[in-house]
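To keep things clear, I will list the structure first and then write my remarks on it.
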Amino acid sequence: MHSIMTDLDLSLAQFSLFGSLSTFGGMFGAVFSAKAAATFGYKMTLWLADIFCVSGWLAIALAKDIIWLDMGRVLVGIGVGLVSYVIPVYVAEITPKHVRGAFTFSNQLLQNFGIAIVYYFGNFVSWRTLALIGSIPCWIQVIGLFFIPESPRWLAKNGRDKEVEAVLQKLRGPNYDIVPEACEIKISVEASKQRSNISIRSLFRKKYAHQLTIGIGLMVLQQLCGSAGIGGYGTTIFNHAGFPSRIGMMVLSFIVVPKSFMGLLLVDRWGRRPLLMASASGLCLSCITLAVAFGVKDDPELGKITPILCFIGILSFTMMFAIGMGALPWIIMSEIFPMDIKVLAGSLVTITNWFTGWIANYCFNFMFFWSQTGTFIISAAVCGGTVVFTWWLVPETRGLTLEEIQLSFGNI
């Protein structure tokens, strides 16, 4: 933040806009993500996302003024907006039910691995070099996409039945009997085709209300729980608490990946509901810790504990977000919508996530300077609300096929 503002002579408002533009671009990517995936397939959509991401990172790395900086940020946002829908849905569609949660959670695990790299190298390299580092995974994915199959459910929806069986055999192994699974997929797809005349208006019918409430609700709660602020402005928070930001970010880079592994191991053992409620409860306590840390900051005696309380709060928040709240809304979104509304509903839910993230990202700096304690009290209230929301509305999907999940909602 400081280096970019100094090098390009940006004000706080200009940097806040720059910081939020990735989520703004993400909204545009989200608008077309599900439709692009349904029309061109998941692999082609991911290649398109890589073009946006590489172009964006290069624009940021070579930026001479705020126009190029902001344009690059928007391009990266569009690419990530496409990826954010396609990856969890693709992984959910290719994996068997008993490991689907763990495989889908691996998306969040590897995101955290990327975040850890940025946290670590951000202490030593310039922001321009960091932008170039950000483009490396995009190039790796461009090559890797040549070696993965298309989703069998997408193939079935497009009438490519022979390829469905070939892909399933490749995914499950040469000795696995794929006939029952292939038949189940084809029956589900045929049933969804009979209800294919779905419009935005029909999306809000009573029969889909439960799934839509879950999908939209979890995305809004994920972005408003404080993750946008703590994830994007951790250095600023450490500095205002009087804790060495370089040490803080270094520790976070070592912690975030192991904690994601814990979520990966627990998601198919505990289930989605318990892990989501445990994660949200931990986030609530972390935000309360941060609120207390800044609440006593100006006290002559108690203010001495502000740096360590802030460090504990951010560390515990990062860990609890990594084991559940970061990935589970996307996992659940990829599971609960039937094929006939997956395009529209997936786009709407993803747009909601990015729009809420844009608002949260842009407003955090202003809220933080308005009231540091008040900012984290609001976040704690949202996290507490997430526990109630999950307990009341979110069903358990562990161990069920995507078709069985639709039966539980009464959509097949």
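Yeah, the Cβs are placed from backbone N, Cα and C, and that goes for glycine too.
A TrEMBL annotation is a machine prediction, not a hand-curated record.
Database features (TrEMBL):
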DOMAIN    1-398  domain 'Major facilitator superfamily (MFS) profile'
TRANSMEM  12-32  transmembrane segment
TRANSMEM  44-62  transmembrane segment
TRANSMEM  74-91  transmembrane segment
TRANSMEM  103-121  transmembrane segment
TRANSMEM  127-148  transmembrane segment
TRANSMEM  212-235  transmembrane segment
TRANSMEM  247-267  transmembrane segment
TRANSMEM  274-294  transmembrane segment
TRANSMEM  306-331  transmembrane segment
TRANSMEM  343-370  transmembrane segment
TRANSMEM  376-394  transmembrane segment
### Query
At least three Cβ pairs under 8 Å linking the transmembrane segment (12-32) and the transmembrane segment (127-148), pairs spaced 6 or more in sequence?
no
Most Cβ pairs under 8 Å to the transmembrane segment (274-294), of 44-62, 247-267, 306-331, 343-370, 376-394, goes to 306-331
Long-range CB partners for the transmembrane segment (44-62) (under 8 A, at least six residues beyond its ends), listed in sequence order, are 25, 29, 33, 36-37, 68-69, 71-80, 82-83, 86-87, 128-129, 131-132, 134-135, 138-139, 141-142, 145
Message: Can the transmembrane segment (376-394) be said to touch the transmembrane segment (212-235) if we require at least 3 CB pairs below 8 Å and skip pairs under 6 apart in sequence?
response: yes
Beyond a gap of at least 6 residues from its ends, the CB atoms lying under 8 Å from the transmembrane segment (212-235) belong to 1, 19, 23, 115, 203-204, 245, 248-249, 252, 280, 283, 287, 314, 317-318, 321, 325-326, 328-329, 332-333, 336-337, 345, 348-350, 352-353, 356-357, 359-361, 364-365, 367-368, 375-376, 379, 382-383, 385-386, 389, 393-395
The answer for the transmembrane segment (74-91), taking Cβ pairs under 8 Å and residues 6+ beyond its ends, is 21-34, 36-37, 42, 45-46, 48-53, 55-57, 59-60, 100, 103-104, 106-107, 134, 138, 151, 330-331, 333-334, 342, 346-347, 350, 353-354
Across the domain 'Major facilitator superfamily (MFS) profile' (1-398), the model's average pLDDT, rounded to a whole number, is 87
